[in-house]
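Going by TrEMBL, these are the annotated features:
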DOMAIN    5-52  domain 'Cadherin'
DOMAIN    106-192  domain 'Cadherin'
DOMAIN    192-290  domain 'Cadherin'
DOMAIN    291-396  domain 'Cadherin'
DOMAIN    397-501  domain 'Cadherin'
DOMAIN    502-599  domain 'Cadherin'
DOMAIN    600-713  domain 'Cadherin'
DOMAIN    714-813  domain 'Cadherin'
DOMAIN    814-918  domain 'Cadherin'
Amino acid sequence: GLISTTTRHLNREIQDEYILEVQISDNGEPKLSSTTRVVVTVEDINDNSPEFEQTFYKIQIPASPDFNQPMFQNDEPAEDLDVADAADDDIWESYSPDQVQGLDRVMRALAYDKDIGINGEISYSIRSGKGRNKFRIDNTTGMVYASKGFEAGQYEISIKATDGGNPAKSTTCRVSISVVPPPPATSAPPTVKPPQTAQITENDYPGFLVGLIQATDVDNDYLWYDIVDGDPRNEFYIGRDNGNILLAKQLDFETQKEYTLNISVTDAVNTIYTQLNVSVIDINDHRPEFSDMLYKVEISESVAVGTEILKLSASDKDSEGKLSFSLHAARNKISLQTFKVDSLSGSVTLAYGLDRESLAEHLLTVMVRDGGTPSKRNYARVLIIVHDQNDHTPQFSEKILEGKVFESATVGSAVLRAYAIDHDKGENARITYSISSGNVGNVFSIDPDLGIIQVARELDLSVATEYTLYIRATDHGHPSLSTTIPAHIMLTMADNAPPRFVEKEIAAEIYEDKPLGSFVAYLNVRSTSSLQFEIVDGNINESFMVSPSTGVIITQKLLDYETTKFYNLTVKAVNMASAAAICNIIIHILDKNDNVPYFLQAIYSGTISEAAPIDSLILTNTSEPLVIKAFDADSEINALLHFDIVEMLPKRYFRIDSNTGAIRTIRSLDHETFDKFSFHVTVTDLGNPKLSSETTARVDIAVSDVNDCTPRFEHSVYNVTVLLPTYKNVAVIQLNATDLDSVESGALRYSILEGNKMKVFSIDSSSGLITVLEPENMKPSYKLQVRVSDGQFSSVAKIYIRVEQSENSGLIFQKSVYEGSILENSTKILTVCVVNVLGSALNEHLEFRILNPTNMFSIGLTSGVIRTTGKRFDREVKDNYELIVEARSHMPERERPRVAHVIVNVTVLDINDNCPMFVNLPYYAVVSVDDEKGSVIAKVHAIDMDNNENG
């Protein structure tokens, strides 16, 4: 039971306490044990040297205005250090607090030691250089004092911090003191921020930054800071030149909870004051304490469950000492089940009935834990003495039962008998036997009255060669009592027993690329004589063979995973007595990456809208996701495929899901930039080594258009002149607009928004042709605003129309009216008529055009020949066309062109191309049986769409 340390070193500064869980156990059967906790506190040794907050201090102090006055106060000047008190350069000096009273504070050197107790107590000493006879140091606080005023200059001193250990450890630091001239007496006082607050935990180490005093001086004078009150134990440190307040000693919340530090700020002429309120935050640094270390209680074993045995009491010095009680351990495990402890009240109650014959005394270890972080705990002992009542436990006649049984024993065969007695009488002495544990697979049973252990299931040496059953004898008292003993049963094999496979089913694995003769499996068979093995079933293509004498299975043909993935062999083992046993062996063929992936299609086609968001799926023409499919005859990771796009441009717009082969967009598309993509895809498996497809698959993606562009006119302003006289349907101007979207022909719609007074003009909404609608009473000018729209977006343009009276140009057509005709249904390009102009000069260039154009006729630009365009005429739809023909002379020397107009009437001649049709069908009539021959029964009526004789 001796607890000793290991080779690892302890370090109190890292962990100062260890809580060990110690268990003691006996060698009985079953083993009994008990646990307890041992709290090991690591004591400190002086293994840390003091550490200064700074290794080099560089400070400034003001020079005295009068050498007979102290530096920082108006008190009487302090006495100079005499020669006897001054130290030699090689001697360290230290002074008690009484020896520095009345001197001026210069600065404070802060050192701290990680050790505790006397090992962490620091004393300070000083060694002066140029500052001999001028400085002293408080050996407890490290505060440096000056003995008299100074002239401007530089002083160097050294300070040593020494701990109280044995042997002591020390550290030194250097201090450079610059004496600077004080500001003039008329300088403005400094200003400082209002009082501040700070919080600090009681476990924060020296050197922790508590707060920062921020002061300013309008004259930019150098400022000095000091703690003048509120720090009676010198637990705080302030930087004289920067106002940083540090922790000089570790605080104790239980000693003082709040501090109000009075801070002075001076420029050596003016002094102001401020405060810093520091709140100490409690940490969990105290253990809770029980009121007693040993509680002793005596109770009867007949005490009812739930009865309170005693109440534990504990206290904690910390501020939030919320305590929690628990049952930690017991000398006997039964005690842990017998009692329970209420975590809040500490009440110990009976959780299970007592039995003095089982356990006369209960020794509990109880624990109390506080609610801190981390929590602290303490322990106490509770001794509960149980008074006896008259009861006895059944006792076995033997301490252990041992026996053997053949593996081939039949169900019901007796193996052992357990026997126990109980010194009670009647029902309390009647015993029932049972198997409490160890009956793996329930292969044994026990007669509850006689205690005979029997075979309950077929035995198998491959499952277990021995069993240790625990037999329980229980009396019928109230409450009942019981006891258990172990029964050790060995399984053996009979000499005439048939062979038996250790495993009736065996699973094996082998890679498909293994050479002939590779090991597959070994058959383990129990037998009292030599065996012969053979494969009797499942050996497809004689791929395997078994050694007749050893039972080792090897390959005798090359394997192929893609052909056969597993084999189910049946192997028979026969011993010298011709007794046989059968075993099934399932051999899984493991795949190797020996197949190249290939695409299921050479070309994949899909479509995507240009308005589709990023990460949209490419769809097929059936609106299903476009999935690039490939196949690899290998399996598992060798069949996992990775797709990649070959060309760089498509990679900027699409990605292929490596798992599914689905294609998604990775950036926005624009039909007007790319209306389709065509690229190639490769596929690679993830086997080792990786294999890629020998060919690529082509992917064609069409980017469908959406209406996202505005149609635009060719010009924003049009100027046109209409000459009078004019005629109805005469073309004024043909408007043309374009839309970058892939709109169908005629999808743009034209309209006149304003300026069309009296509806003089009309516009063909599909073609954009503006014609004269009301030629009479036309005004001299019109300003039309027209619009073109694709149904969603639109734009407008302006048309300025001048109406002018044509002057007598001297040109005149040969006829005032031309007549022409054409047979309907004709699709030949035929000449209708030729218009001629009189009054033109020699070589005068004339151009002809139809002012009310139609797709049925055309006119020669310079010949005046009017022809059909080859489109079919239908007289029943339109039987006459009136064409307005204009002849226009283009002569550079004339400001205005010469113009002449004429009307050409074209008549569509009828042909017999319509069948007569009855009207008002059907017809009904009634005939009398008495009507004579030739009597009128009914009158039918028919019409023909053709004309004259044809109709």
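Just so it is clear, glycine is given a Cβ too, placed from its N, Cα and C backbone atoms.
Note that the structure is a prediction, hence the values are computed from the model and not measured.
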Number of helical, extended and coil residues in the domain 'Cadherin' (600-713), per DSSP: 8 helix, 46 strand, 60 coil
Overall pLDDT of the domain 'Cadherin' (600-713), taken as the mean: 90
Summary of DSSP states over the domain 'Cadherin' (714-813), given as helix, strand and coil counts: 3 helix, 50 strand, 47 coil
Residues of the domain 'Cadherin' (5-52) by DSSP state, where helix covers H, G and I: 0 helix, 20 strand, 28 coil
